Every structure is written in C-alpha cells, then in structure tokens.
Amino acid sequence: MEPAAESDAEMLGTPDPELAATMGFSGFGKKARTFDLEAMFEQTRRTAVERSRKVLEAREREKEDQTEKEFRIPCTASSVSASSATGPGPTLTGREAACSEGEDNSNEAFSGPSMQSQSSAKGPAEDTDDDDDEEFIGPPLPPGFKDSDDDNDNDDTEEEDNNPVKKIPDSHEITLRHGTKTVSALGLDPSGARLITGGYDYDVKFWDFAGMDASLQAFRSLQPCECHQIKSLQYSSTGDVILVVSGNSQAKVLDRDGFPVMECIKGDQYIVDMTNTKGHTAMLNSGCWHPKIKEEFLTCSNDGTVRTWDVNNEKKHKSVFKPRSVQGKRVIPTTCTYSRDGKLIAAGCHDGSIQIWDRNMSVHTKFHCRQAHASGTDTSCLTFSYDGIVLASRGGDDTLKLWDIRQFKKPLNSADGLPSFFPITDCCFSPDDKILVTGTSVKKGGGSGKLFFFDRESFQKLYEIEVTDASVVRCLWHPKLNQIMVGSGNGLAKVYYDPVKSQRGAKLCVVKTKRKERQAETLTQDYIITPHALPMFREPRQRSTRKQLEKDRLDPMKSHKPEPPVAGAGRGGRVGTHGVTLSSYIVKNIALDKTDDSNPREAILRHAKEAEENPYWVAPAYAKTQPKTVFAEVEPEEDEADKPEWKKRKI
C-alpha cells in the first residue's frame, strides 16, 4: 500500500503536461496550502502577553534604579562631585543587567559587538509598544531624565494658563475689503472654510479661505434683499444654509452658494393681535439658528414679536413670543438668541429689559430683568457662554454686562465707557470661555475703533486692539480656527490669527501668490492662412502697419480729402450754406432779427401815438356809445392806522 500511496502523491505533485495543454494552464492538481487560524491566534496572544510582561518588568526595574540612585546621592558637595564622576557606571551596569535578563527570558537572538548595542536595538521596540511613539537612537536614557523641549512646552502651557492674554491670536492680520459702507453682519460656517459679510450697501459677499490667494478677493457678491440693509448673517449648525436678516419684514434662507431656499411670509399689518398673523409685519432686527435643530431659526421684529420658523414651512411661523413692559404693553425686541442647548430663548428689548422664555412655553417668561440696561436704548447683542450658565449683554447705554441666569436680578459684573453707535454691536466669548470680547464705536475723525478683551471672572480689561480709524461693529471668535473676525464701519473686515495657535482659515490664503492677469491679445483682423488656395480666394499676406499706410497714401480713393462746406451762394452743383428755399430764407431772416422786446410795456406804447391819431380797432366801436373815455377814479390810499381794528389787515 505504501508504494501505491507514494506513486499517487508523485502524480499529484508533478503536473501532467498533456493535462496542462488540454486545460490551458499549468499547476493543475497541486494541493492548496492550509492554515490553522486557531493556532495562529493563540501564538499571537502569547506573543502579546510576553511583550506586555517584558514592558512591565522593564518599568519596575527603572523605578528600582531610580530609587537606588536617590539613596546614593550624598549631602556634601565633595561627595556630589565624586558621585558625578562615578555615578553613571553602576547605573548603566544595572540597565545592562536588566537588558541581559530581558534577553535571556526572550527567544529573540541579537547580534552585535556589545551589550550596549543590543540594548539600543531593543529600546525602540519597547518604546513602540509603549504609549510614546518616539524612536530613540543610541543607548537608553538614564532614569529620571527629562527632555528640555518637554520642559519648555510644559512651562509655556503653564504660562499660557496663568496669562490668558497669550491665548489671544493677534500676531498677524489680513484685511478683506467688503465695500465703502459699514460691515453690519459676519458669518462663518462651522468648519471655518467660508466667511460671509453683509453691509449697509445691501451686498452680501462670500469669501473662501481655501480658494482665495493673496489678493483676497470675494468669489461671489449678491444683493439678496434688494435695497434693504443687511442686519444679520449666520450659517446653520450643519453649514449647508444661511439665514439672512435684513431691514424688511421677511427673512430669507440661502444655500451655501447664495441661491434662495425659502423666504418667510409677510404678516397682515391690519390685525391687532400679532399672534393671529402668519409672519412679521415690520422691520426685522435680528435672527439666529437653533444650535441643535438644523431646520429651525429665530427672528425678532419691530412689530413686538419674536417668532420661530421652520425651513420646510415658509407659509407660517412655528411659535410666537410677545415681550411685554412692566405695564403689560407691547415692547420692541432689538436682539434675540438661543441658549447653547437650544432650550431657552432670550430677547433684549427697547425698554432696557432682558426677557427669557422656555422654548416650549411661549406665554410667560422663565427669567426676566426689567432694568438690565437704560430704557430707550437698543440692546445690541445677547450671547450665552459655552457652559450655558452665563449671559453677556451689550447695551446701547455704552455698557457690557455679565449675568447669571440662575440669579437674574443683578449682573455679576459690568463695564461702562464702551461707546456704541450701532444697534448691532457685537460681543462674544473666547473658545475656552474665559475671555469676553466687544468692540467700541468712534465718530468720524475721533480716533480708532478698538476691540476690548475682558476677563470673565474678574471683568478686568486684559487687552485691547486698535482695529481701524472707524467703529468696530461686529466681532466673531471661531472656536475651531481660533481666529477673530472683525467688521468695521468703513467697509473693512479684518481677520486676526496666529500662525502657531490658529488653524487653517486665513493661513490658507496668505501663502498663495497672486495670480497673474492674462492680457487679452487684441487683433484688428483675423487672418486665415490657406497656402494651397486658388489665387482669387487667397488672402494677402499680413504686412506691417507702416507699409500698409504708405500704400494707402498712394491710393487716390483712400487718400481723398473731404471737400469743405460751401460759403455763400452754391456753386458746382452744391447748395450754399443757407440754401435757396423759402424755409431757409425765413430762418435766415429770423436769425438776423435783432429787435429787443425785453420790455413788453414799451413795445406796446411804441404804437400809442399812431393809434390815437389813426384809430382803427377799439375807438370806432365806441364812437357812438361812449365818445368820451371814462376811466375809474383812483381812490387815495387810507392810512392803516385810521382804520378800526376789525378792518385792519391781519398779517
């Protein structure tokens, strides 16, 4: 049986040439290779356990060596110098012993001249298994050694924590020219790739940081609301649509490229109760997106209402919130916002109050402060901190206040002396929630508009940036980019960034060189070269301009001088200047008539003597009935002082 089995194996092992030629491929009949997966998994598990055990043992040895070294350091200076000369020897010997023990336990064989090379070869393998992915070249470092770079990084981090001013990214800036009028709206998408600006010139401009070069030109400009000033621009939480709030009563939603998606309906202005109206009936003041629900947004208007909307339903609002004064009368909301979790809706009103509702309960306010700011001023901005506890308000009374919504009667902190001439002046929190930022307004020629940074806890002024010689209206600190966008009153939008602390954004476009403009090549005539055409269809070769002009001067038709106009009577078949027709004769005489009829009375009285001597029109008609002309008697003017009071002229 055994020889037969061997012959079968040989038959299976060696391919048959006839069979290979018949089937069309070689290797037919070979046995497939099999793998034992369970054994492979078991081997991998054992290897991992062994490596983990070696790493733990190495760490324990390092701890023991470090402890021994601490005990060996003497207290006197002489012993310190002696140990510095002899100390590395035993420490290194102990590490060599540890490495040799690790080698004895393992089944791996290393080749090399000394134990140091083996330990250096093994060091990176152990470090790779460790959390640190750094590879060291050379002998292992002594225990307790710290890299100077790590120390510097740690010191810098601690210094930044102690000094929040160093977290402000203001070392570099770029300037985007929106127009000549105030930049009244700024918006950045959540990823920080695109910036949109809107202004009092009705324009909305789109800026793509990744697509711009150093010329810093917007890739799109449009007027979505025709002749209405832009009040607010904001990307949704997903960044796919943009909310546009302008001076009219209808908010618009655009997609990322500026094409309209929906427009809110306008309400009936003759209905008294604003709850029964489908939309706003007066100018909008502000608006924002819900932070969690991507289809919902919020608007407030001069009709005294705050309304929530759904992008998918433009025919009617979702809910209505009506702020009320102390007397229960209607009051105009000047700004509105959602809390960070989207559960609260806050509105700053024209009477200086701040009113906060639960999003699901639109009747009564959940929190309110009646005298948050001065009455009759426009509260221009409300913003919640990232932790959702603190609310910052920028008032038209030149103040910036910080509120704890759990104790809403008194502000936590307040800063005054911050002029604000615009009803849309911004304030915002830093990404780490420790700094509060706002801008100030200046009159024309009255200095520079500044950006102020306040500490959230102490409310001390940490830093200020002089932006430009106009008011600072809008400010935005993006958490992902760590860059500050500022909109000013002279049509400029500035972006402040730091090459180290900031990410992407303005850093992408400043490194790109300006594209060279292609000069359009203008040709007076396009020549078609047809070398094999017949002579009658062949176009002449293009010659130089000078030669062509010389040839034209020799041509009597092209060089013919136009004849000058005929002066006086016509000759040679050409009509004179004034012509020979009756109309030309009359026109000529009218033009030559120099009679001055500037005084019509003298012109009439010029014929008075002739009319009296030879009457023809009026006198013969009255010759029988009134031969003697009777004129009205002129009464002398009475003095006003002699008249009674009731007859005197009343001036």
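Going from the start of the chain as shown, residues are counted 1 onward.
Using the three backbone atoms N, Cα and C, a Cβ is placed for every residue, glycine included.
On a predicted model such as this, the values are computed, not experimentally measured, just so you know.
TrEMBL lists 1-24 (among others) with the feature region 'Disordered'.
The region 'Disordered' annotation in TrEMBL covers 47-172 (among others).
Residues annotated as compositional bias 'Polar residues' in TrEMBL: 107-121.
Annotation comment: TrEMBL describes 126-136 (among others) as compositional bias 'Acidic residues'.
The feature compositional bias 'Acidic residues' is assigned by TrEMBL to 148-162 (among others).
For 176-208 (among others), the entry in TrEMBL reads repeat 'WD'. Within the model, the repeat 'WD' (176-208) shows a mean pLDDT value of 92, rounded to a whole number.
Annotation source TrEMBL lists repeat 'WD' at 277-319 (among others).
If you look up TrEMBL, you'll see 338-358 (among others) marked as repeat 'WD'.
Remote same-chain partners of the repeat 'WD' (372-406), defined as residues 6 or more beyond its termini with a Cβ less than 8 Å from a stretch Cβ, comprise 334-341, 344, 346-354, 356, 412-420, 422-429, 431, 433, 436, 438, 454, 456, 459. According to TrEMBL, the repeat 'WD' annotation covers 372-406 (among others).
The annotation region 'Disordered' is assigned in TrEMBL to 540-575 (among others).
The feature region 'Disordered' is assigned by TrEMBL to 632-651 (among others).
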Residue numbers, six or more beyond the limits of the repeat 'WD' (338-358), whose CB comes under 8 Å of its CB atoms: 288-293, 298, 300, 306, 308, 321, 323, 325, 331-332, 364-382, 384-388, 391, 393, 395, 397, 403, 405, 408
Could you give the residue numbers and ranges of same-chain residues that sit at least 6 residues beyond the repeat 'WD' (277-319) on either side and whose C-beta is under 8 angstroms from one of its C-beta atoms? 231-232, 234-238, 240-241, 243, 245-251, 253, 261-269, 271, 330-342, 345, 347, 359, 362, 423-424
Please list the DSSP helix, strand and coil residue counts for the repeat 'WD' (277-319). 0 helix, 19 strand, 24 coil
Take the repeat 'WD' (372-406) and count its residues per DSSP category (helix H/G/I, strand E/B, coil), listing them in that order. 0 helix, 15 strand, 20 coil
